[in-house]
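So that you can see what the record holds, here are the features copied from Swiss-Prot:
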MOD_RES   Ser2  N-acetylserine
BINDING   10-17, 23-24, Arg62, 89-92, Arg100, 116-117, 189-190  substrate binding site
ACT_SITE  His11  active site, tele-phosphohistidine intermediate
ACT_SITE  Glu89  active site, proton donor/acceptor
MOD_RES   Thr122  phosphothreonine
SITE      His188  site 'Transition state stabilizer'
Amino acid sequence: MSKYKLIMLRHGEGAWNKENRFCSWVDQKLNSEGMEEARNCGKQLKALNFEFDLVFTSVLNRSIHTAWLILEELGQEWVPVESSWRLNERHYGALIGLNREQMALNHGEEQVRLWRRSYNITPPPIEESHPYYHEIYNDRRYKVCDVPLDQLPRSESLKDVLERLLPYWNERIAPEVLRGKTVLISAHGNSSRALLKHLEGISDEDIINITLPTGVPILLELDENLRAVGPHQFLGDQEAIQAAIKKVEDQGKVKQAKK
């Protein structure tokens, strides 16, 4: 029986989403389409009369800005927002900045699918020579984390994402939900997938089939033990949402040349 409701989402579209590049921990901002997605998400939640008590985001701009735009549409700008690196996107290591379609051409679509969607396959780690290494690890936000800088990931599988996310869920977010607070989590594709895996009990094998579009609110109904009582629900125009899911799934495929 449903006792609690949780809303989560993947942030709105950013420039590198549109360019089909692995963004990961690079602090790309929302583009105009992403801002519109966030505003539409806020309108959708307003139409359903959601009133939030707390918002949780990653420390990346696109996650935080999405939350701000949603709260603005709701007229709930005063709601506290808390940010943690533990909700960050998956660290894609050496793949950061690379184009997914080009990677599919170089390594095959199945390898790219495994890097993007599988549970326990880790991409090659980022090295100091990587063009975005210093931009990430010299950033002040990572010098005030709850772990030392040298213990932050250099690459992650989805399993790794879940392992660094769970302590934050268990110690910070879950207690607020259990107190009856209405919580919004504005995160990323893979941190959201990892949390869905945990709450819904999705198997290691089946998680590869879970795809989340940008800027679409997801409703989870939870029991007294904070386990999902049914599958997650995308809120909004279902036909448009399915088209958006397919768009994400196709990012790691080689487009057919026009005749």
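Even glycines carry a Cβ here, placed using N, Cα and C.
Positions of Swiss-Prot features highlighted on the structure.
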{"residue": "Ser2", "record": "N-acetylserine", "DSSP class": "coil"}
{"residue": "Arg10", "record": "substrate binding site", "DSSP class": "strand"}
{"residue": "Trp16", "record": "substrate binding site", "DSSP class": "helix"}
{"residue": "Glu89", "record": "active site, proton donor/acceptor", "DSSP class": "coil"}
{"residue": "Arg100", "record": "substrate binding site", "DSSP class": "helix"}
{"residue": "Thr122", "record": "phosphothreonine", "DSSP class": "coil"}
{"residue": "His188", "record": "site 'Transition state stabilizer'", "DSSP class": "coil"}
Worksheet item: What number of additional C-beta atoms lies within 10 angstroms of the C-beta atom of Gly189 (substrate binding site)?
Response: 21
Worksheet item: For the recorded positions listed here, Arg10, His11, Arg90, His188, which shows the highest count of neighbouring CB atoms within 10 A?
Response: His11
Discussion item. Validating a neighbour-count step here. Other CB atoms within 10 A of the CB of Thr122 (phosphothreonine): how many?
Written reply: 19
Worksheet item: Just checking the recorded positions Ser2, Glu89, Thr122: which sit within 10 A of Gly189 (substrate binding site), CA to CA?
Response: Glu89
Worksheet item: In Å, rounded, how far does the Cα of Arg10 (substrate binding site) sit from the Cα of His188 (site 'Transition state stabilizer')?
Response: 4
Worksheet entry | Listed recorded positions Ser2, Glu13, Trp16, Ser24, His188, filtered to Cα within 10 Å of Glu89 (active site, proton donor/acceptor) | Ser24, His188
Worksheet entry | Candidate nearest Ser24 (substrate binding site) in space, where candidates are the recorded positions Ser2, Thr122, His188 and distance is Cα-Cα | His188
Discussion item. Near the residue listed as 'active site, tele-phosphohistidine intermediate' in space, meaning Cα within 10 angstroms, which of the recorded positions do we find among Ser2, Arg90, Thr122?
Written reply: none
Discussion item. On a simple 10 Å Cβ count over all chains shown, which one of the recorded positions Ser2, Ser24 is most densely packed?
Written reply: Ser24
Practice prompt. Can you figure out which of Ser2, Thr122, His188 (the recorded positions) comes closest in space to Trp16 (substrate binding site), comparing Cα atoms?
Written response: His188
